[in-house]
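Notes for the one structure printed next.
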Amino acid sequence: MNQRNASMTVIGAGSYGTALAITLARNGHEVVLWGHDPEHIATLERDRCNAAFLPDVPFPDTLHLESDLATALAASRNILVVVPSHVFGEVLRQIKPLMRPDARLVWATKGLEAETGRLLQDVAREALGDHIPLAVISGPTFAKELAAGLPTAISLASTDQTFADDLQQLLHCGKSFRVYSNPDFIGVQLGGAVKNVIAIGAGMSDGIGFGANARTALITRGLAEMSRLGAALGADPATFMGMAGLGDLVLTCTDNQSRNRRFGMMLGQGMDVQSAQEKIGQVVEGYRNTKEVRELAHRFGVEMPITEEIYQVLYCGKNAREAALTLLGRARKDERSSH
């Protein structure tokens, strides 16, 4: 590979970043995968697989490992950031002085800025300026299935149509990976954050033993909360019926590959928050997302009762069963009401 002709540089060598890098490389593209831990990158290079997260998926020959950030960023104008939401801004500030003048940035991070609840587009603009094209990909994707080449579909939104077209061409694979373009930059970002919160609630419900009816009701009312918040932020309501909304919500709320769902199940079974996080052993994005989504809802005056009760469990010590009973005890209302 020429030092500057990779199709994509992927920042973040966890399970999802690795899966996306494998998918791009499998499409015939030269891809550079960077991780912050040189020892981890050396292990990936030696094993030619991510043994910790994706042990059965060998790296294509066109996937190149890199531990030097400057070298990784020089390799491609297209940068795909796949890091936890709470370090998203920090990573962007770190890469900004090393990016090529023609750089374009896309992220697969799902969430909002820690503490402030800001959309990641605002974090990116603040860190990188107004001239860099931005994009986001989101949707129902478990890393293990994506890396294995099982059929998967996502949404893609961008501030720049040329960048959106280029990304769709890079990522889309007719055999296994469908990429739907969507002009709703806000909605595609928001869906991925809110679904993490609702998935914790779905897990709690199942952990308590409330059954399939309750889980389905929670998913449906969670979608209503997502849509209300989206409308307040100027998103297109139709987005939440697509991959980045309903698609991701159903996947994360119903399958135990979801860390957020498993975390919620442990809470529903009586485990405390810290012990549940430790047992998961990886980042549970929904834990922080709950606080951030609640902050955003308060800022825009949007009532989100499910999110509020999950917040009470995670941050105020409320019992999961008590939180569920609070929701069940709410006053009767029209299903289509705004609260």
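Glycine is treated like the rest: Cβ placed from N, Cα and C.
Among the candidates Lys195, Lys318, Lys333, the residue that Swiss-Prot names alongside Lys110, Gly139, Thr141, Asp248, Ser258, Arg259, Asn260 for the sn-glycerol 3-phosphate site is Lys195. Within 10 Å of Asn260 (sn-glycerol 3-phosphate binding site), as judged by C-alpha distances, no binding-site residues are found among Tyr16, His36, Lys110.
Across the fold, the C-alpha of Ser258 (sn-glycerol 3-phosphate binding site) and the C-alpha of Ser15 (NADPH binding site) stand 13 Å from each other.
The binding-site residues shown are Gly139, Thr141, Lys195, Asp248; of these, the one with its CA atom nearest the CA of Glu285 (NADPH binding site) is Lys195.
Looking at the residues that bind NADPH per the record, Ser15, Tyr16, His36, Lys110, Ala143, Arg259, Val283, Glu285, the two CA atoms farthest apart are separated by 22 Å.
Looking only at other Cβ atoms within 10 Å, the busiest spot among the binding-site residues Ser15, Thr141 turns out to be Thr141.
In terms of C-alpha distance, the listed binding-site residues Ser15, Tyr16, Val283 place Tyr16 closest to Gly139 (sn-glycerol 3-phosphate binding site).
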